[in-house]
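S.K.: For reference, TrEMBL lists these features for the protein:
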type: BINDING; residues: C:20, C:23, C:26, C:61; note: [4Fe-4S] cluster 1 binding site
type: BINDING; residues: C:30, C:51, C:54, C:57; note: [4Fe-4S] cluster 2 binding site
type: DOMAIN; residues: C:11-40; note: domain '4Fe-4S ferredoxin-type'
type: DOMAIN; residues: C:43-71; note: domain '4Fe-4S ferredoxin-type'
């Protein structure tokens, strides 16, 4: 069996592991547009603030590829797919035949058309190359404006602040990281950041960019506010890299590539996993799980991907946030909440029909995974609802049959 | 694979599994140094939960498809394909605590060692043989054995 | 209690702060609220007045940071007004109550076991090495076949079968309720594994332990708790409990707090009610009455179960034993004044009854004289501390012995004598589910098995030394005993010569 994996990030690496569980011998080739072996993308902010060095970036040691007999083509791009001939063509003209192909091309930063915005006068925050470029500009005392206060914008903010850069966040929504933080939590985090000297402008966005004679940027916001900055980072989202499958018959593109429960795309032998998949949250755990399952299925497994709710753990300047599922929901839901503003602790659980559907934990995150388990499994919590936010909440707070079943695993 | 299973009927809430775990994961492997010099109090990788009279030691189940490994952003958390042991390569951890949010047993706690983040989770004392918690349990409330179901 | 108690703490708990790692195991394990943890100050401290010196904290402490010291007497030392007397007076002045205690008589009465020595072979008859040659400890309990005549009420057809023991040591009666299910199960499992008997005491046999019933002596006591035909027929031996060595003439009282759902179901009494065992059986006021009960029980079990009658060792125990044998009992159990208890008035425990050594000798002698020794087995109980005590008892005339206190010590008991409080830190004499789980019956059974194994080995060594290869050959063989420091009356009662006297 001949496997070709397009993309060399978390989904592809996990697919290798998945394939090898079933097929020790088949040929595996990875086509990587980037010039690096797979690294955890979220590490780039840690690299930028020098908490992680280049040698620690690799997601798996280089020996992983040798041990699993994987041929890795670095710096090469797949440009065309011929599903009839089962061949994929690379940018240098080489063609690779395949029996099974995985599209794990991920996504790329969404950069909206803005007056005066050019590739040269802004930065994105997704790849190692992005931060290598940004590092040169991010020296102490300079000023940065980050468009977008989602998780990417917040991590960019953290690493720039740690480098001594003065940061301003501009967010279109009425609060930061609106999909994950409810207004109460967003207020807490906003206050925390402002205490650390971060400017935050909400309900606003960038409308124009001009480069002044001194090299500094003059940014014009929708509200009419003007900001001067040395650095502009655009972090308002990602879009899936679907080009390789675009316009091929039998494939449905709905922003991402639509896949069946087995993660096949509709083209014979072609699977997809990770950020490129339609409806998949662009989060690392999801890419890893899908990659593993896609790999197994490519090699003969028959596994179904059960969608995993979005969840995210984010540390910003020492504040730890875990959001799970509908963590920002409010109206129409039952909310359990506990807050200790002095300790910057905020814990909120979202329930619907006596089942947990979301959770948000700030600064007191022990046992968070148990909430995620309750959410994922749709377990009714009526009998122990009053225990959920107790300080000693744990497995024993669940009904006997549940904790016994969990500990027997 | 062999795992540690709790037998709550005999767990007497002494928390000595935590003590033994801490010593086994200390630099010195000496109880006094571990507590009084290395300041490791509270860093047990096994958590004794209490709902008195019931108590039970909760620790990593070393899942077949571990959510903590899938969620780890740095590749620090891995499952050893040979032994099945899920463990953290501590020098690679950046302390994002996605593992904490991932674990359906709440068996990973955020911790810290020498100013560096350290997920507190059971590694079955992978360099020692029988896990210290099991070896030291005074009432055989923990056993290290192979069971088929869900293993 | 008065505002100002004149009772100073009997013990002091010392914590070596250099060693303490504040793991809090002591505070979590103390059954008597003597170890406390103040979370706000992150500080451990002790309330010495509550300490009973049960040693639980000392044993569980992983760093050996704890030591319990006995405090000096509360008043200036006085050989007559002992500390025990002083404390008892103070306590009663403050409470006005009857003094209660647990376990056996702890007063310094003489021990005849400690004044008896065993013989060994030299030159003229060779000793036997039990590691090289077979050595028989098997003991049969029950009534032996009469050689010729049929007797009233007991003939060949109605004789009950003998019960084999692989070692002449059984576990004494300790009821489920007075001890935990875990302790009870430990005894049952060890008895089965070793091939000996445990005794249900007067609290019945829990449903889930019927798998051990063929190694159970099932007791019928004055309260009749848990007695039904299923219970009688399940056991191997039935024992009518008349008296107990720790409290001759006294009934029993298990407080309602110890009667939880499981104990209630086993005892067949309502949950939470006190379980009162009357001092006498209200249907037994004579040997004839006793005979009625013996045969009622035999009829109920189709003569398949030997019946034992257990009495305290009291002044006229020999005559009583004769009556019991004539009442049709197959086994007589005599419980000496060192026997233990879950609860007894201190004055009774410490001042009533006679030493088991004298009782064994008296009973054996009397039954021999009356020619009825073979009709019954004689089981001795009450304060057997070692295999040597067992060997001496058998040489004095016992067929087998019961061990209670020794068994509990093997399970973890530290003789703090607070059984009656129900707070036992070792999970033995308590029904508190937080504490009972401390005694894993797997471990308990192993420890008891080890004790039986060790003692049995030692008994074989002692027998071999005497040149005997079977415990049967030692039974009542008082020539193997010599007394030291005993007066003539004592030597006569025990039926032994003084050390130095030849055969």
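Residue 1 is the first one shown; counting continues down the chain.
Cβ atoms here come from the backbone N, Cα and C positions, even for glycine.
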S.K.: Which residues of the same chain, at least 6 past either end of the domain '4Fe-4S ferredoxin-type' (C:43-71), have a Cβ under 8 Å from a Cβ in it?
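M.R.: Residues 5, 7-27, 29-37, 414, 416-418, 424-426 contact the domain '4Fe-4S ferredoxin-type' (C:43-71) from elsewhere in the chain.
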S.K.: What does the structure give for the C-alpha distance between residue C:20 ([4Fe-4S] cluster 1 binding site) and residue C:54 ([4Fe-4S] cluster 2 binding site)? Integer Å is fine.
M.R.: 20
S.K.: Please identify, among the binding-site residues C:23, C:26, C:61, the one with the smallest Cα-Cα distance to residue C:51 ([4Fe-4S] cluster 2 binding site).
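M.R.: Checking each of C:23, C:26, C:61 against residue C:51 ([4Fe-4S] cluster 2 binding site), the shortest Cα distance is to C:26.
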S.K.: Just name the winner among C:20, C:57 (the binding-site residues) by count of other CB atoms within 10 A of its CB.
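M.R.: It comes out as C:57.
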S.K.: Would you mind reading off the Cα separation of residue C:26 ([4Fe-4S] cluster 1 binding site) from residue C:57 ([4Fe-4S] cluster 2 binding site), to the nearest angstrom?
M.R.: 5
S.K.: Compute the mean position of the Cβ atoms of C:30, C:51, C:54, C:57, which form the recorded [4Fe-4S] cluster 2 site, and then list in sequence order the other residues of that chain whose Cβ is within 8 Å of it.
M.R.: C:13, C:26, C:29, C:31, C:32, C:34, C:35, C:50, C:52, C:53, C:55, C:56, C:58, C:68, C:425
S.K.: Could you give the number of helix, strand and coil residues in the domain '4Fe-4S ferredoxin-type' (C:43-71) as assigned by DSSP?
M.R.: 8 helix, 9 strand, 12 coil
S.K.: For residue C:54 ([4Fe-4S] cluster 2 binding site), write down the residues of its own chain that are at least 6 apart in sequence and whose Cβ falls under 8 Å from its Cβ; none is a fine answer.
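M.R.: Listed in sequence order: C:31, C:32, C:414, C:416, C:418, C:424, C:425, C:426.
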S.K.: Residue counts in helix (H, G, I), strand (E, B) and coil for the domain '4Fe-4S ferredoxin-type' (C:11-40), per DSSP?
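M.R.: DSSP classes over the domain '4Fe-4S ferredoxin-type' (C:11-40) add up to 5 helix, 9 strand, 16 coil.
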S.K.: Note down the number of other Cβ atoms within 10 Å of the Cβ of residue C:51 ([4Fe-4S] cluster 2 binding site), including every protein chain shown.
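M.R.: Excluding its own Cβ, residue C:51 ([4Fe-4S] cluster 2 binding site) sees 24 Cβ atoms within 10 Å.
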S.K.: Report the member of C:23, C:26, C:30, C:61 (the binding-site residues) whose C-beta atom has the most other C-beta atoms within 10 angstroms.
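M.R.: Going through C:23, C:26, C:30, C:61 one by one, the largest Cβ count within 10 Å is at C:26.
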S.K.: For the C-alpha pair, I'd like the distance in angstrom between residue C:61 ([4Fe-4S] cluster 1 binding site) and residue C:30 ([4Fe-4S] cluster 2 binding site), rounded off.
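M.R.: The Cα atom of residue C:61 ([4Fe-4S] cluster 1 binding site) is 11 Å away from the Cα atom of residue C:30 ([4Fe-4S] cluster 2 binding site).
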S.K.: What binding-site residues from C:23, C:26, C:30 have a chain B Cβ less than 8 Å from their own Cβ?
M.R.: C:23
S.K.: For the [4Fe-4S] cluster 1 site given as C:20, C:23, C:26, C:61, which other residues of the same chain have their Cβ within 8 Å of the site's Cβ centre?
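M.R.: Near the [4Fe-4S] cluster 1 site, the remaining chain residues are C:15, C:21, C:22, C:24, C:25, C:44, C:57, C:60, C:62, C:63, C:65, C:66.
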